[in-house]
Amino acid sequence: MPDRAFAVAGLAALAGGLLAALAFPPYGFLPGLAGFALILWSLSRPAGRPVRAAALRGGLAGLGYFAVSVSWIVEPFLVDERTYGWMAPIALVLMAGGLSLFWAAAAAVWGRLGARGLPGLLAFAACLSGAEWLRGHVLTGFPWNLPGEAWPAGSPLSQGAALVGAYGLTWVTLVLCASPAWILAPGEPARRTARMAAVAGAFLAFHAWGQARIADVPAGPPGPLVRIVQADIDQKTKWRPENLEGIFRTYLDLTGRPSAKRPALVVWPEGALPAVINDLLTPGSPWRGALAQALAPGQVLAMGANRVELDDRDALTYRNSLIFLEGTGQDLALAGVYDKHRLVPFGEFLPLGDLAGRIGLRSLVHMPEDFTAGPPPVPLTIPGLPGVQPMICYEALFPGFTRAAGRRGGARPDWILNVSNDAWFGRASGPWQHLNITRYRAIEEGLPIVRSTPTGVSAVIDSSGRTVGPVLGLGASGVIDLPLPPPRPPTPYVRWGDLPFLLLLVLSAALAGHKEIFIGLANRQRRSRARRDPDGAVP
């Protein structure tokens with residue numbers, strides 16, 4: 001029955017999205033990536049209005065995918081559950097539903113093209129990866145859990161990000177993982193075998209290249225010793241004013257923990273202390289004195305902190321910053337400041353702020369003031385350390401962030417420092433997914449990353465996206481002391497950016513738009529076989 005077939009196709013799309021999302025941490029169910037084949041199969045089912053049906057099925061696939069991928073969005077509302085807990089399911093529905101619109105639009109375009117077979121597979125990859133690029137750029141952008149980042153970071157297949165970036169790897173992933181829908185399409189067994197061999201060959205070649213890249217360990221002496229501090233202070237505890245002194249003392253104790261060699265750099269996470277840094281660093285402040293005593297001369301502390309400054313109109317502006325302080329023996333010297341450039345909507349600023357305030361949305365989300373974005377980032381030079389590109393929390397989501405900063409500043413950094421307050425995610429999937437995404441930035445750039453969070457997951461990441469040494473997981477308190485891993489030479493992605501991805505989209509669109517070429521080639525092949533077998537043994 002047509003209605004039943006339509007419902008089956010919709011359920012298949014929804015299930016495909018759910019399965020694909022289970023490939024990401026902490027689930028790691030890589031067979032779930034076959035869900036993309038289920039989505040493509042669903043889109044290919046006949047319908048009276050093919051474009052409308054494709055949009056609906058694509059939206060259902062996106063709803064399933066994002067309902068799993070951003071399920072952590074409920075956690076911030078549970079920090080003060082009595083006041084905001086009722087908003088948690090609404091936030092999940094709105095976020096998953098809103099993000100699924102990108103997939104609905106991609107599916108509608110695919111349905112309009114009307115391509116099937118290999119052109120249809122390539123068109124599916126192009127439409128969906130193009131929609132994911134838009135998701136990462138429209139308004140503020142939110143490229144969380146791009147399909148290309150489903151491979152465990154540091155694995156051979158993840159190394160493709162060094163070639164074509166996360167968006168290009170998304171195209172590759174969609175082609176590979178949706179290919180069963182093409183391989184198993186009705187046709188001759190010999191043709192299915194050839195399709196399977198082609199996909200398997202591409203998969204193995206990609207895997208072999210990634211394995212070779214991992215084995216090609218960059219040469220160079222160990223970098224400066226870095227200490228990552230994770231104090232395991234949750235959000236409920238942190239924002240009680242009476243806890244400030246105890247939290248500060250915890251960070252100082254971990255900073256001063258004895259080690260065989262003194263770290264050149266100590267890293268505290270984003271928003272480590274529930275205070276404005278201006279108050280703590282006022283000359284003569286006991287907080288400043290305690291920090292000065294905790295740092296040896298020449299030792300640097302990188303601390304995520306909120307700070308206040310006056311703008312050109314003498315109005316207060318709030319910044320989410322990474323402050324670099326150098327010990328002088330008696331006091332502290334300011335060694336550098338990075339102000340977060342990409343702010344989180346509804347977390348650090350309210351879109352349409354004046355209008356949102358008038359309709360009461362500002363009080364609803366408990367945001368008395370917006371943060372102000374910092375200038376476009378450039379690498380920093382900090383005494384005693386290689387050139388560094390800071391990256392605060394949400395900024396780690398964006399492919400090409402460090403590449404653009406290096407071009408803007410005229411020099412490529414030697415490493416990336418990522419501080420993040422993942423305590424908002426609670427103990428859900430968010431912290432593990434955020435770590436995985438951050439590791440992809442190391443692969444793309446060919447640079448090591450030092451990552452510090454208050455409650456996990458903190459780690460040192462090498463230029464292949466692998467964690468090095470111990471990892472401080474969720475709920476752990478302690479330090480990581482490791483030398484900075486060496487960088488690689490600039491990757492193809494650093495040189496070309498998203499140009500290869502754009503070329504893949506253009507090629508896919510060209511082939512999908514000229515599908516008659518494939519039909520003609522197939523007909524020619526049939527005629528050639530018929531001439532070789534005039535008795536008609538070959539259909």
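Cβ coordinates come from backbone N, Cα and C, glycine included.
Automated prediction, rather than curation, is the source of TrEMBL annotations.
According to TrEMBL, the feature transmembrane segment maps to 30-47 (among others).
Annotation source TrEMBL lists transmembrane segment at 54-74 (among others).
According to TrEMBL, the transmembrane segment annotation covers 86-109 (among others). Sequence-distant contacts of the transmembrane segment (86-109) (same chain, six or more residues past either end, CB-CB distance under 8 Å): 17, 43, 51-52, 54-63, 65-67, 70-71, 73-74, 77-78, 127-128, 130-132, 134-135, 142.
Here the transmembrane segment (121-144) has long-range neighbours at 40, 43, 69-70, 99, 102-103, 105-107, 109-110, 113, 115, 166-168, 170-172, 174-175, 178-179, 181-182, 342-345, 351, 397-399, 433, 437, 498, 501, 504-505, 507-509, 511-512, meaning same-chain residues at least 6 beyond its ends whose C-beta is under 8 angstroms from one of its own. Per TrEMBL, transmembrane segment is recorded for 121-144 (among others).
The annotation transmembrane segment is assigned in TrEMBL to 164-184 (among others). Residues of the same chain lying 6 or more positions beyond the ends of the transmembrane segment (164-184) and with a Cβ under 8 Å from any Cβ of it are 20, 33-41, 44, 117-118, 120-122, 124-126, 128-129, 132-133, 136, 143, 146-151, 158, 192, 195-196, 199, 202-203, 206, 399-400, 440, 444, 492-493, 497-498, 500-501, 504-505, 508.
Annotation source TrEMBL lists domain 'CN hydrolase' at 229-486. Across the domain 'CN hydrolase' (229-486), the prediction's mean pLDDT works out to 91.
Annotation source TrEMBL lists transmembrane segment at 499-522 (among others).
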Sequence-distant contacts of the transmembrane segment (30-47), meaning Cβ under 8 Å and at least 6 residues beyond its ends, amount to 5-6, 8-10, 12-13, 15-23, 53-54, 57-58, 61, 107, 110-111, 116, 120-121, 124, 147, 150-151, 173-174, 177-182
